[in-house]
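See structure below.
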Amino acid sequence: MLNIVIFGAPGSGKGTQSDMIIKKYGLFHISTGDVLRAEMKNGTELGKIAEGYISKGQLVPDELIIDMLAKVLDSNEETKNGVIFDGFPRTIPQAEALKAMLKERGAEVSAVIGLEVEEEELIDRLIKRGQVSGRSDDNLETIKSRLDVYHNQTTPLKDYYINEKKYKAIHGMGTIESIFAAIEKEIDNL
Ligand code: B4P
């Protein structure tokens, strides 16, 4: 059973490549960003709290995200056949929680696909998306905070997963198809 983490900066193509991976490998897609945006849209208590963090480019607190993820895993039987985790974990405590949750199911993270993209390109992609997405976090000021948060709070995870021998670096520049071809190679080797 494959449990794949797709990892990278905001704008690195996590959502885009996850869509391609689920089509080919039939994994259950969990995007914490998408789940949070649905909560915001539905005006739930979690959505209202999350909105305050997301619009400032900050991470939503670990305990809320971990609880949210546990609920998604528990309420979807198909997750037992393999999952692509998109945008989770983003901190070391989230990675530890994921390890424990998967262990309870007799599973583990199979691989971490790290999309590596230059900063200028990230900003360019997110500004472009902002012209159509209507997302409160796709504007230059918030994009800069998201990148700072990524460097300070999320990049330590790269070393964490290198230590666990799970990290697979993918050059995330180029066409969507060429990047997917590199990801396929890594997944097929697992
Ligand atoms: P996310 O929804 O995960 O947003 P993101 O990091 O910006 O990634 P996204 O998936 O949207 O972008 P992608 O790289 O696919 O999170 C939003 C916010 O929610 C976070 O900032 C945080 O506040 C909160 N949150 C989510 N998860 C959390 C967690 N675990 N803990 C705490 N808080 C959490 O794509 C970007 C764009 O690039 C797209 O428009 C795409 O079309 C384009 N693109 C992709 N590949 C391309 C290519 N090869 N060439 C050109 N363009 C490309």
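Glycine too: its Cβ is placed from the backbone N, Cα and C atoms.
As given in TrEMBL:
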type	residues	note
BINDING	Gly11, Ser12, Gly13, Lys14, Gly15, Thr16, Arg129, Gly174	ATP binding site
REGION	31-60	region 'NMP'
BINDING	Thr32, Arg37, Gln58, Leu59, Val60, Gly87, Phe88, Pro89, Arg90, Gln94, Arg135, Arg146	AMP binding site
Checklist outcome for this item: One of the binding-site residues Gly11, Gly13, Lys14, Thr16, Gly174 has its Cα closest to the Cα of Phe88 (AMP binding site), namely Lys14
Next on the checklist: For the C-alpha pair, I'd like the distance in angstrom between Lys14 (ATP binding site) and Val60 (AMP binding site), rounded off.
Outcome noted: 18
Checklist entry - On the Cα atoms of Gly11, Ser12, Gly13, Lys14, Gly15, Thr16, Arg129, Gly174, which are listed as binding ATP, what is the maximum pairwise distance in Å? => result 17
Next on the checklist: Among all protein chains shown, how many Cβ atoms are found within 10 Å of the Cβ of Gly174 (ATP binding site), not counting that one?
Outcome noted: 11
Checklist outcome for this item: Cα-Cα, Thr16 (ATP binding site) versus Val60 (AMP binding site), nearest Å, comes out at 22
Next on the checklist: Rank aside, I only need the closest one: which of the binding-site residues Gln58, Val60, Arg135 has its C-alpha nearest to that of Gly15 (ATP binding site)?
Outcome noted: Arg135
Checklist entry - Taking all residues of the region 'NMP' (31-60) together, what is their mean pLDDT? => result 97
Checklist entry - Near Arg135 (AMP binding site), which residues of its own chain have a C-beta under 8 A away, given they sit six or more steps off in sequence? => result Arg37, Arg129
Checklist entry - DSSP three-state call for Thr16 (ATP binding site): helix, strand or coil? => result helix
